[in-house]
Structure formats: C-alpha cells, structure tokens
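Remarks on the structure that follows.
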Amino acid sequence: MTESFQHISVLLHESIEGLAIKPDGIYIDGTFGRGGHSRTILSQLGENGRLYSIDRDPQAIAEAKTIDDPRFTIVHGPFSGIAHYAKQHGLAGKVDGVLFDLGVSSPQLDDAERGFSFMKDGPLDMRMDPTSGIPVSQWLMEADLDDITWVIREFGEDKHARRIAKAIVAYRENEENEPLKRTSQLAKLISDAAPKSFKEKKHPATRAFQAFRIYINSELEEIDTALKGAAEILAPQGRLSVISFHSLEDRMVKRFIRKESQGPQVPHGIPMTEAQIQALGSANMKAIGKAIKPSKQEIELNPRSRSSVLRIAEKL
C-alpha cells in the first residue's frame, strides 16, 4: 500500500467479528475506502468464499485494483446501488454479510485537493466522486440565503447557521472579493462570522463543512437507500455491520434497525382480523447486542475514531 493510501480502519476487529464470517460465504463491503475491512474479510474467507466491494471514489477504485484475488470483485458506484449490484451478480437473497463504514475516509480528509478539510487549503470541492455532480464552491455561489441556512442547520446541526449563511452571501455579493473557491477562504469566513462567545472545542467551521459535504454528496439519502437495499439482499441469518461517525448517521442506522426489528405496526384503534395482521408481515431483522464504541486504546492510536459507533443486525 502506498503512503498516500495509508489508512487505519476504525473498529476493524469488532465490525468484522459482527459479520460472523463463514469461510464459504458471500460478503459485500459497501464502502471499500482504502481496503482495510475488505482485506480483513478476504483473509477470513476460504477458497469458495466471495467478496464484492463498492466505492464511488476513483482513488478507492484504483487501490482496489491492486488486489489480485479471484475471490474479489470491485464495483465502481455509490453504495446506495447495493441491491442493484447484487441482483446484477445474481446475489439477491444469498449475501451472508454487508458492511458499511460511513462518512469520509482519512485519505480523503488528508488530501487537500479533495477539499474536504478546513485544516488544509485546497479547492472547495468535497465530492466523493469528482467526476459527477457539482463542487461545493459552485453550489455556494448559486444557493440562496435560506437554502444555505437550511443545509448548515439540518446537516451540521449548527446553531449559528443563519449567521454563517449571511456571511457567505455577503462575501459573494461584494464584487471586490475573490470568488469563494478555496477551503481556507471558507474556513476563515466561517471563523470570522462566529460570535466572540463561541466556546466549543471544535473549530467554528467543523459543523458547516460537515453539512456541505453531506448535502453535496446526498449522503443521508444514500445511507437510507443502502440500508434498505442491504436488508433486501441478505440471506436469512445474514449480518449487517454499520459504522457511523456522527449523530445524524447513527440515528438513521439506529432507527432503521429498530424499525426492521419491530416489523409493520398495527394501526392503533383499528380493528383487524388475525389474517389481516399476518398479511402485514413480521419483523425482518433483529439487533445483535448494543452499540459498540472504540476502546481507549483505539482512540489513542487513531483520534478520528472517537465519534464512531458500530451497530450490528441480523436478517431473520
């Protein structure tokens, strides 16, 4: 692995253990990243086992192509297409385990040219797949005040959303200013807009950068579709292992597993026959254990793991 691709997979042992790997099983790593989870799964598969990995980042695909293993297949695309890819390969209902490692990876954050980090100057891009969609810089030049405010508040949970949005709009409307195209420009703009009473330990731009990244990549919609797709293609007793990194992601995963574990709900106060109740179906999955967080040792080794949460479910 090249130096630029070095990456410490978060909750590696716990997430793979949660899949309960069968040597001859079929597995899907929905977020290849730099391959830490995929390589570990491959190391536990026998000759007849199969691993299919997915990623929409061209750099991740390039790294995946260095794996010369007949048991391994890489798919270039968003993980929301997991059900479609599984059906293409004749895997629907046959998959023994699916793993998702959500959010942005360390190599993406550390590569200034990708524009994900406010700590490094680079193009204000933030796209997971730079070949599709529009960069954040273009969106910020076109979006109105209300839209920018909504994105920061909804996806960054930033109480200063309106204040930051006003600063961005005021900046771009001043003809004397350079176009807003660099991460350092946006980070400074947000820092300057933060109230003097700002006392959070995090950088003032943390939440807004997260919000713009989530929005420009439609991350929450991707997660919702991917979770539903995974539940659809898993075989009975197949496992779903999901690592999230912020509260928006984790709430989605938690609610999904809870909903799938409860099954269809009978409307309160509406009389129904036993046959009608049975026709609604039953629970589709069950939660395996409680949410798992990284150990103190892992956090010391990899501080970025601090906010991670692992949840595991099993198809019934």
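Using N, Cα and C of the backbone, Cβ positions are placed for all residues, glycine too.
It should be emphasised that the depicted structure is a prediction, and the values quoted were computed from it without experimental measurement.
Per Swiss-Prot, the features are as follows:
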type	residues	note
BINDING	Gly35, Gly36, His37, Asp55, Phe79, Asp101, Gln108	S-adenosyl-L-methionine binding site
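Sequence features, as recorded in Swiss-Prot, placed on the structure.
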residue: His37; record: S-adenosyl-L-methionine binding site; Cβ contacts under 8 Å, 6 or more apart: Ser9, Leu12, Ser15, Ile16, Asp29, Thr31, Leu99, Asp101
residue: Asp55; record: S-adenosyl-L-methionine binding site; Cβ contacts under 8 Å, 6 or more apart: Thr31, Phe32, Gly33, Ile61, Ala64, Ile74, Val75, His76, Phe79
residue: Gln108; record: S-adenosyl-L-methionine binding site; Cβ contacts under 8 Å, 6 or more apart: Asp57, Gln59, Arg114, Phe116, Met128
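Mapped onto three states, the DSSP output places Gly35 (S-adenosyl-L-methionine binding site) in coil.
Between the binding-site residues Gly35, Gly36, the minimum number of other C-beta atoms within 10 Å of a residue's C-beta occurs at Gly36. With Gly35, Gly36, His37, Asp55, Phe79, Asp101, Gln108 listed as the residues that bind S-adenosyl-L-methionine, the site has a largest C-alpha separation of 17 Å. The local packing around Phe79 (S-adenosyl-L-methionine binding site), expressed as other Cβ atoms within 10 Å of its Cβ over all shown chains, amounts to 27.
In the three-state DSSP assignment, the secondary structure recorded for Asp55 (S-adenosyl-L-methionine binding site) is strand.
The number of other Cβ atoms within 10 Å of the Cβ belonging to Asp101 (S-adenosyl-L-methionine binding site), over all protein chains shown, comes to 25.
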